[in-house]
Each structure stands twice: as C-alpha cells, then as structure tokens.
C-alpha cells in the first residue's frame with residue numbers, strides 16, 4: 001500500500017514539473033524578447049512614413065531617424081552647421097534634401113557611410129565653400145544640387161572645380177559670388193589653372209649667435225657648405241648640414257683679423273678660399289684633405305689691395321679669375337688669374353675710386369650677338385662703371401657708366417626669361433631695378449630705401465625674389481610678378497643691419513641666410529604652402 005501511494009504521488013509530480021519547465025522557458029523567452037532594441041521612433045521635429053522623413057524647425061540633425069528610411073528632407077531648420085557622421089546609421093538612404101535652410105558650414109565627413117545615396121541637394125543655403133573630398137565614398141551618387149548658395153571661388157574651392165571636371169554625377173549650374181573677378185562666373189566653366197594657390201614664405205629656422213658681413217655657399221666633395229665672414233672675431237666660419245638634427249653645424253674655421261669676405265672657389269676638385277681682411281693683409285687658403293684643415297698658400301699683394309670690400313669669382317674660356325673691389329683712397333680694384341699653381345695679378349681696373357662692389361655678368365649688345373663677360377663696379381665717388389671683356393687682349397675695357405645713379409653702393413644682377421636685370425642699392429634715396437636694353441640699362445622700378453646696404457636678387461626654384469635690407473627699418477622681401485614685369489611686396493623680415501642675403505639649397509630644402517652687422521646671423525626656411533590642400 002505504501003509503495004503504491006508513493007508511485008501515485010510520483011506520477012502526479014510529472015505534470016507539475018512540466019508546467020514549471022514551460023513557465024521557466026516562457027520567462028526566459030520574455031526576458032530575451034525584452035532585450036531586443038526597440039526601433040527608433042520618428043523624431044519629434046520630423047514626420048515619418050515607412051520610407052520617408054520630413055524634418056522642420058529642428059535645431060540640429062536628429063540622431064534617431066528610422067534606419068530604413070529611403071528619402072530624408074530637411075527644410076526651414078534653424079541649425080547652420082552640420083558635423084561629421086551626421087547621418088550615420090542610415091544605410092538605405094537614397095535621397096537627401098537639405099534645402100532652404102541657413103547652412104553655413106558642413107564638415108568633411110558629414111555624409112560618411114551613405115553608400116546608397118543617389119541624389120543629394122544642398123540648394124538654397126548660405127554655403128560659401130565646401131570641404132575637400134566631402135563627396136568621397138558616395139559611390140552611388142548620380143545627382144547633386146548646389147544652387148542658391150554664395151560660393152567664394154578661392155583656393156579652398158579649387159578641388160570642387162577639379163571634381164566637377166571628372167565626376168559622372170549630374171550637377172546643376174552653380175555660380176561664384178566672389179572674389180570680384182569671378183563674381184557671377186559659372187563654377188562649372190572654371191579650370192584648375194584659374195586658381196593660383198601656391199604661396200611661399202620665409203620662416204625662421206635657426207639663429208647663429210654672432211655678427212657677420214658676407215655669406216657664401218659652395219659644393220665640395222659631394223656636399224654643400226656655407227662660409228660666413230665674421231668681422232669682429234676675424235674668422236671664416238664654415239658650416240655643414242647635420243642630416244640627423246636637420247640643422248647647420250660648425251665644420252671648420254680660418255682665423256684671421258677683421259675678416260670682411262671669405263670667398264670659396266673650387267677648381268677641378270680642389271677648394272680654395274680667398275680671405276679678405278681690413279688689417280693684416282689678405283690671403284688665399286687651400287683645403288688639405290689629408291691633414292683635414294686649411295693651409296695658407298699665398299698672400300695677396302698689399303700695395304694694391306688695401307681695403308677690400310667685395311670679391312667676385314668667375315670663369316672665362318676655361319680660365320678662373322677673381323676680382324677684389326678695393327675701397328681705399330690709394331687702392332686698386334684688381335683682377336687675379338689662376339695659373340695652375342696660384343692666383344696672380346692679371347689686371348688693375350682703376351685706382352683712387354674707392355670701389356665698394358663688383359658684379360660679374362654676361363650681356364649681349366644686340367639680340368643677334370652672343371653674350372659677353374662684363375663687370376660693373378660700384379663706387380662712392382662715381383656712377384657705376386660697366387667694363388666689357390675683350391677677347392683679343394684678354395682684358396676688360398671701360399665701356400660706359402649707368403647715368404643718373406650716383407651714390408650706388410652695390411649692383412647685383414638676375415635674369416627673367418632671358419632678359420638681364422640689375423638691382424642697384426643706395427643708402428640714401430631710391431634703390432632701383434633696371435633692365436638691359438641692348439646698349440644701356442633702363443629704369444624699370446624704384447624702391448624707397450633708407451639706410452640700405454644690400455638689395456639682393458635671389459632665385460629659389462621658380463620664384464624670383466629681391467630683398468632690400470635697411471639699417472633703420474624692416475627688411476623688405478619682394479616677389480617678381482610676371483604679368484606686371486616688376487617686383488611686388490611680399491614679406492617683411494626683422495634683421496638688424498643686414499649686409500648680405502644668400503640662398504642655400506640642401507637636400508631639396510631651401511634656406512635664406514641673412515648676415516647682420518649688429519645682431520645674430522639668421523637662417524630662414526623657404527616654405528611652399530598649397531592653399532587648396
């Protein structure tokens with residue numbers, strides 16, 4: 001009896017266990033169902049159907065738009081900025097209209113993720129520009145409407161012109177509102193060549209803690225070097241490029257007295273340096289590669305060179321020369337020629353004229369004739385004098401002077417498209433730019449100058465500059481305007497009492513060395529900036 005009762009009770013418990021099991025299973029299913037995310041509701045500022053959404057009077061792009069929406073329209077809203085990933089989570093969106101709002105700015109990645117987008121309209125907003133690559137990744141795009149905006153067609157919009165030229169999407173005609181030269185111009189008709197978006201500038205790179213007068217650069221043994229004349233320490237300081245630290249560092253020096261010019265000249269593979277001094281005579285040094293130092297090999301005759309002020313090196317018919325401009329009352333500006341063993345006096349140009357600068361250049365007397373070597377001597381006692389090389393006598397002969405240009409301290413030349421120009425420096429009065437006309441130099445441009453001791457033309461890559469220093473104000477950097485055929489103001493540099501400006505090129509880097517008679521020698525880096533990037 002007892003066993004039968006137990007069996008019946010056991011059988012009765014089976015349905016109860018099953019009920020409990022199903023109750024547990026139902027509870028688990030309910031809990032699982034409760035964890036499923038609810039579908040986003042239509043934002044309060046929008047009206048939604050199954051496939052469409054219309055949003056008005058919104059203060060920002062809502063983040064809870066139903067993910068299955070195909071068409072989305074924003075109109076008459078108050079927000080004016082659209083940020084990155086504004087439409088994330090809408091993989092099926094094909095039509096996006098953001099029209100008749102006050103949109104002023106759209107981020108570069110605003111439309112990221114909209115791979116199904118076919119039609120995009122930003123019509124009738126207040127857009128002045130669009131970020132580069134804003135349409136990147138919109139591979140299905142076939143129609144774009146940008147009408148009714150105030151686009152400023154500057155370098156920031158150059159990319160859009162390029163994009164319009166190769167996109168397969170249909171884009172309605174749009175127009176420029178600025179700048180003035182492009183106002184009402186159809187953007188679709190512009191070319192990337194209409195935009196001049198590459199600018200340059202000189203930025204401070206390094207300060208050298210000493211004064212200097214002249215700076216020269218030279219190539220030797222497959223490396224580039226800079227040599228700086230220090231008048232107060234009497235040294236020629238040689239610099240080399242540190243490829244690790246990316247700065248200029250000391251390489252060697254030549255010690256002298258009151259050094260004003262350290263002029264390098266490489267003949268075949270041998271480096272020589274002409275060291276001009278105000279006191280103690282001037283000398284020529286040779287670089288001894290075995291001893292790894294400079295050795296004095298020659299003195300320059302002191303009876304002719306009493307107060308050197310400038311040195312110029314040049315080569316005529318495979319012969320090397322250098323000329324020293326002497327500024328003393330009793331000195332001679334003298335040309336020296338290399339004879340295989342040393343430099344020896346070749347020609348004295350004139351005495352007693354106190355020459356301050358000498359410039360070597362090649363010019364032609366007529367368009368049909370070849371260019372011939374010339375020298376221009378600047379002097380404190382007469383107008384600049386032009387000498388021409390005589391091939392028969394192997395000497396320079398006095399040809400003419402540059403009229404109406406008294407008190408010229410120095411003359412430096414440059415070329416633009418085959419034409420020869422000169423920059424004439426005056427301490428008081430106007431410095432000038434002149435152009436060679438076949439028989440004389442003609443005025444092109446005047447630059448007001450006060451306290452100027454240097455007006456140096458420089459070419460860096462395809463950019464032609466002229467730098468006018470001043471002892472009393474900022475140094476003015478000018479850039480050559482090809483259309484105007486003259487220099488225009490470009491930049492100001494703060495250099496105390498500048499005496500020379502030298503372009504140095506190292507490993508595709510371009511530097512401007514600025515010597516200073518009263519302050520630190522400065523190094524600027526020439527930087528190219530693409531405004532359309």
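First residue shown is number 1, and so on along the chain.
Backbone N, Cα and C define each Cβ position, glycine as well.
Marked as signal peptide by TrEMBL: 1-34.
The domain 'LRRCT' annotation in TrEMBL covers 149-198. As a summary of secondary structure, the domain 'LRRCT' (149-198) carries 21 helix, 10 strand, 19 coil according to DSSP.
Under DSSP, the residues of the repeat 'EAR' (201-243) split into helix, strand and coil as follows: 0 helix, 30 strand, 13 coil. Look at TrEMBL and you will find 201-243 (among others) tagged as repeat 'EAR'.
For 247-289 (among others), the entry in TrEMBL reads repeat 'EAR'. Looking only at the repeat 'EAR' (247-289), the predicted model's pLDDT averages out at 96.
Per TrEMBL, the feature repeat 'EAR' maps to 293-340 (among others). Each residue in the repeat 'EAR' (293-340) gets a DSSP state, and the totals come to 0 helix, 32 strand, 16 coil.
Positions annotated as repeat 'EAR' by TrEMBL: 342-391 (among others).
Taken from TrEMBL, the feature repeat 'EAR' applies to 395-438 (among others).
Feature annotation from TrEMBL assigns repeat 'EAR' to 440-482 (among others). For the repeat 'EAR' (440-482), same-chain residues at least 6 beyond its ends with a Cβ under 8 Å from one of its own Cβ atoms are 200, 202, 400, 402-403, 409-410, 412-414, 416, 421-434, 488-495, 497-503, 505, 510, 512, 514, 526, 528.
The repeat 'EAR' feature in TrEMBL is assigned to 486-528 (among others). Within its own chain, the repeat 'EAR' (486-528) has Cβ neighbours under 8 Å at 198-217, 224, 226, 228, 231, 241, 243, 248, 433, 444-445, 447, 453-454, 456, 458-461, 465-467, 469-471, 474-480, counting only residues six or more beyond its boundaries.
The list of residues near the repeat 'EAR' (247-289) in space but at least 6 beyond its ends in sequence, with Cβ under 8 angstroms from a Cβ of it, reads 205-206, 208, 213-214, 216, 218-221, 225-231, 234-241, 295-300, 302, 305, 307-313, 320, 322, 324, 338, 342-343, 523. Sequence-distant contacts of the repeat 'EAR' (395-438) (same chain, six or more residues past either end, CB-CB distance under 8 Å): 310, 335, 347, 349-350, 356-357, 359, 361, 363-367, 373-376, 378-380, 382-389, 444-459, 464, 466, 468, 480, 482, 486-487. According to DSSP, the secondary structure content of the repeat 'EAR' (342-391) in residues is 0 helix, 32 strand, 18 coil.
When Cβ-Cβ distances below 8 Å are used as the criterion, the repeat 'EAR' (201-243) is approached by residues 249-266, 269, 271, 273, 275, 277-278, 287, 289, 310, 477, 491, 493, 499-507, 511-513, 515-527, 529 of the same chain, each at least six residues removed from its ends.
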